[in-house]
Every structure is written in structure tokens, then in C-alpha cells.
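Chemist: Have a look at this one before I ask anything.
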Amino acid sequence: MNPHALSILLSSLAVGTITTLSSSHWFLAWVGLEINTLAMIPLMTKMHHPRSTESATKYFLTQATASALILFSTITNAWATGEWTITTMNDSTSTLMLTIALTIKLGIAPFHLWLPDVMQGLNLTTCLILATWQKLAPMSLMIMTNHQLNTNLLITMAVLSTVIGGWGGLNQTQIRKMMAYSSIAHLGWMMLILSFSPSLTTLNLMIYLMLTSSMFLMMTTLNSTSINKLSTSWLKTPLLASSMMITLMALGGLPPTSGFLPKWLILQEMTKQHLGAVSTLMAMSALLSLFFYLRLSYAISLTTTPNTSNSNMTWRMTHNQMQMLPTMITLTTMMLPITPTLLAMLN
């Protein structure tokens, strides 16, 4: 893609997200979401492949539906209450429509079906943007309106998302689809705690962004999109392959990695709210996700390919992504000891 066009599209993505994050009026927030969507579609179609065109079409249709529903819910709320401010969604019907619209935008179950198919048709860099940056604007709107959303609906969607996110990734061989189901499962944890502790939702979102970014950057460096391609990575870059294995364990939520931190705090908060059954169900559904992370880890570290690789060592090649990787891997693995500092910052 032309560098000038690429810089304009990436700037538009940033402007759209920042507009939504900084707005207090619903119309301005909606405009930010629209700028985000329209800037994302050319990035999706830059590969000139039928799969990328299909992904861009599916993405446009789902996001346009969600945007129309957001606009309709805010107009209904303004008609009923006379308010356009984001924090005053007092009409119950409007709040329900808004929750559905934002969950469609985020890809939360049961409105998740578009996400794995869309991510499978994109290159890894665009997948990284879709799985991380594109979650910021809708999630910020959910955090801003958390005190008016239906708690029972959010808990139901959270449990559905973690179960479907774990179940859907079990039989996949394509890593992009696995990461899509991983995203659905992580968003379920954020939805669960949203009504009770928005600061924990923010912490979970931050750690999810770091884990997913480091995973996609490593996949881009290794140029791996399937389990078969990933199984040769140990021969080429043992250090990066072992780092990827640790990142997968962090995504699964195993201590002492950073991924254990949000799950631990969320389960602790849920037991304080006397929701032991929901906490148990969420912890058990996290084991489903952990299974396919372990499957990937096995393919990376314990599977030896039948042929010897004659290619140059990948670490000798220059990659722009390699500049960020050490920082991302460090954050992925070593944030658990600074838990009290993080909680103090968020509260």
C-alpha cells in the first residue's frame, strides 16, 4: 500500500478512537466509531484477495448494523429523556439496544460469529489492529455507561462468551481463528466484572491488549499463521519460540504470568458479590481456552519436524516488530509482582 495512504488511514483510526474516548455527547462518539470503521476497511482489502474482500464485506455489514443501532438507541433515549450526554442513558429500552449494539461491535457472544471469519481473511498486522485497537472505542463507551447497563444481561453474555470462546478454539488449526476465539473469551471476563468494578475491566483490557499484541508481533516475526508453520519455529528461533510459549501460558491465565492477575482479581470480586456459581463456571470455562493454548505450546516446543530446516536464522533478519517485542514480552510475563501498584493507579 502507498505509504501516504497508509499514514492517512492509520491517522484516521487514531482520530476516530480518540474522538470517541474524549466525547461526552453521543453523536460525537458515534462519529468517532464511524471514522474507525471506514478507516479499517481499506486496510482489510489491501491484500487484493477474495478472502480479504469477503472479510471486509462482513466487517462493514456488522459494523454498519451496530452503528445504526447505536444511533437509534441514542435518539430514542434523547426523545424519552431530552439528554444526549453519554452518562445519562436512563431509558431501559435504549440501554438494552445500546448494549446489543456495542457487543456486536466488540464481537461478544452471541454476536460473535463475524469475528473468526473476518480475522481469518486478513494479514497478521491488520488482525493485530482489529483484535486490539478496534476494541478501545466500544469498550470505553461500555465503561462510561456501566452503571446503567443490565447486570444480568452482561453476566449471561460473559458466561456465553467464555464458554464459546473456549469451545470454538478447540478444533482449530489456524492461529488467527484461535486468537479470535481467545479474544471472545477475554471479552467475556471483561463483561462479567463491568457492572461491579469498571477499574478491573480497564485493567483486564490493558493486559489483554499487551498479551494479544505480543502474540501477534511474534507471529508476524515468525511468519506463522497455522500450527504446521509454527512447529518449525523452534529450529529457527528457539528464544522467540520459548517466549511465545510463555505468552500463551499468560493468555491462559497461569501464574506467575501477567495473565493470571485479572482472572484472580475478577474471581475474588465475584465471590465478594456472592456469585460463587458464576465464578465456578467462568473458572471451568477458562480451562477450555487453556487447552488450546497448551496445544499450541506443544506444537511450538515439543514437536520436532521430520526435516531439518536449511533456512537462515530468522533472528538475523531485520524486523521493525523486533524493536517492540522485548518490552511486550517483559510486560506479558512480569506484571504480577506490581499488582498493588496497578490497583492503586486504577482506583
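Cβ from N, Cα, C; glycine included.
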Chemist: In TrEMBL, which of the ranges 24-44, 234-254 has the transmembrane segment annotation?
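Modeler: Spelled out, TrEMBL records transmembrane segment over residues 234-254, not the other listed ranges.
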Chemist: Examine the transmembrane segment (274-294) against the transmembrane segment (234-254) and state whether at least 3 Cβ pairs sit under 8 A, considering only residue pairs 6 or more apart.
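Modeler: Answer yes: the transmembrane segment (274-294) meets the transmembrane segment (234-254) with 3 or more Cβ pairs below 8 Å.
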Chemist: May I ask which of the stretches 149-167, 179-197, 325-346 has the most CB pairs under 8 A with the transmembrane segment (203-222)?
Modeler: 325-346
Chemist: Take the transmembrane segment (149-167) and find every residue of the same chain, 6 or more past its ends, with a Cβ under 8 Å from one of its Cβ atoms.
Modeler: 95-96, 99, 103, 108-110, 112, 142, 181-192, 194-195, 275, 278, 281-282, 285-289, 291-292
